[in-house]
Ligand SMILES: Nc1ncnc2c1ncn2[C@@H]1O[C@H](COP(=O)(O)OP(=O)(O)O)[C@@H](O)[C@H]1O
Ligand SMILES: O=C(O)C1=C[C@@H](OP(=O)(O)O)[C@@H](O)[C@H](O)C1
Ligand SMILES: [Mg+2]
């Protein structure tokens, strides 16, 4: 398989897809509360592109919150809808900034579609920082955290890392403000565009 490698940003892009790099969707993955929605919005603004938050899109289509969908239709239903929407967005849209829900990327079909058609950024945050700073902010709004002990959440956090490791580029968030993280993503993407698709 031929690929591009940007060592500094750990940037590896599959060249087999015909979509030019500049047109590919930029996809943010990572654990819940890492900042995918917040940072995705900022990246979209900086690049003058449309932003789609997959959770918000699911809520819009159902007229229900994610918590209500989990409670009334169950997690398996939510995962099916999330998978279908992401595959649809990956295969039918370009030039978007997409923020996934933290569990979406655990599904192999989702990973395959994202890696083949988009440019995937992993927003990486340490467990200690997540536990201290993010958990209090999101504990009431994420149904996956409901009725779990801290030990169980920690287990989930580390279980998911092997899926998140399958990315094109990683941003280490520890200590970064959302604005700084967005700047880093934009810098990395522009570098890649200029190096691999000059004169476009
Ligand atoms: N870089 C950051 N530094 C501090 N707080 C942040 C940062 N990014 C996001 N947050 C806060 O963390 C919470 C979760 O952010 P969100 O964007 O919803 O994450 P995700 O979409 O990954 O679940 C929000 O309250 C948000 O304001
Ligand atoms: O990690 C998960 O399983 C989930 C993460 C949430 O999105 P965020 O990652 O944006 O919080 C949302 O999709 C749902 O509550 C399930
Ligand atoms: Mg989100």
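Glycine is treated like the rest: Cβ placed from N, Cα and C.
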| note | From candidates 111, 112, 142, TrEMBL puts in the same ATP site as 33, 34, 35, 36, 37, 38 the residue 142
| Which of 40, 102, 187 does TrEMBL put in the same substrate site as 55, 79, 160? | 102
| task | Would you count the other CB atoms within 10 A of the CB of residue 38 (ATP binding site), including those on all shown protein chains? | result | 17
| Which binding-site residues among 34, 35, 55, 102, 142 have CB under 6 Å of ligand 2? | 55, 102, 142
| field | Annotated binding-site residues 34, 35, 37, 38, 79, 142, filtered by Cβ under 6 Å to ligand 3 | value | 37
| In sequence order, those binding-site residues of 35, 36, 38, 142 whose CB lies under 6 Å from ligand 1 | 35, 36, 38
| field | Shell list (ATP; ref centroid = CB of 33, 34, 35, 36, 37, 38, 142; cutoff 8 A) | value | 30, 32, 39, 99, 102, 123, 134, 138
